[in-house]
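> A single structure is presented below for examination.
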C-alpha cells in the first residue's frame with residue numbers, strides 16, 4: 001500500500017472547540033485567537049503543550065480543505081492589526097448571510113456594498129444608503145427599519161460605522177474578496193504593495209496607485225522623504241503608524257499599573 005506524502009491534519013476536541021468558538025465570533029484579533037487557543041487546550045487537553053498558532057491553524061485547514069472552508073488570516077485596513085476568520089471558499093458571503101437576514105435586508109447590504117466599492121474613500125454615508133431603501137427587493141422597508149438593519153450588520157461584523165459612515169469590516173473583506181473582485185471588476189481597487197483588495201487607503205495624486213494604510217506605513221517606515229513606488233513623485237499624505245503589539249502590550253501594562261496604584265491610594 002502506498003502512503004500519501006502529504007501530511008493530513010488530525011482534528012481533536014481542542015481544534016473542534018476552537019472552530020466552534022471562532023465561528024461564533026465571526027472574526028477575532030490575533031491576541032484574542034491565541035487566548036482562545038489556550039482556553040481550548042485548558043478545557044480539553046490541559047497537560048499538552050500549546051502548539052504554535054501557525055501550525056495549529058495549518059493543521060485545521062488541512063482537514064477543512066476538502067470542505068472548501070479555511071481559517072484565514074488578514075489585517076485590519078485602518079491600523080494593520082492581524083485578524084482571523086473562518087471563511088467559506090465555496091459560496092459568496094452574501095448567500096452565506098441568507099440564513100441570518102431577510103431578502104430585503106440582504107439587498108440593503110448589496111446596496112451599501114456597491115456604494116462603498118464605488119466610493120473614493122471606501123465609505124458610504126448612512127444618508128446615501130438609506131436613500132436607496134425604496135429600491136430594495138422583497139418586503140418594503142422604512143428608513144427607521146433600515147437604520148436598525150445597518151446596526152445589525154455592524155453587530156454581526158459585516159460593516160463598521162464611523163461618524164455616520166459605513167465601510168466593510170475585516171470579516172467581510174476576508175470572506176468576500178473573491179466575490180467583490182468578480183462582481184465589481186471595473187470598480188474594485190487593489191493595493192500596489194500586497195496586491196490584495198483595497199477598500200480604505202491612500203493614493204498617489206500623480207499616477208493614481210493605491211496602498212493600504214498598513215502597507216504605506218511599512219513601505220515608508222525608513223524613508224525620510226517618501227516617494228511613490230510607481231512614479232517616484234513625493235507621497236503627499238501623512239504616513240500612519242505601524243501597529244506594534246509589543247508597544248501596545250507595554251501600554252496595557254502601564255495602564256494596568258496605574259490602575260493598581262490608584263486602587264492602593266484609595
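Backbone N, Cα and C define each Cβ position, glycine as well.
Take a look at what TrEMBL says about it:
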DOMAIN    176-228  domain 'Phorbol-ester/DAG-type'
DOMAIN    191-232  domain 'RING-type'
REGION    246-266  region 'Disordered'
> How do the residues of the domain 'Phorbol-ester/DAG-type' (176-228) split into helix, strand and coil according to DSSP?
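Summed by class, the stretch gives 15 helix, 9 strand, 29 coil.
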> I'd like to know the mean pLDDT over the domain 'RING-type' (191-232).
93
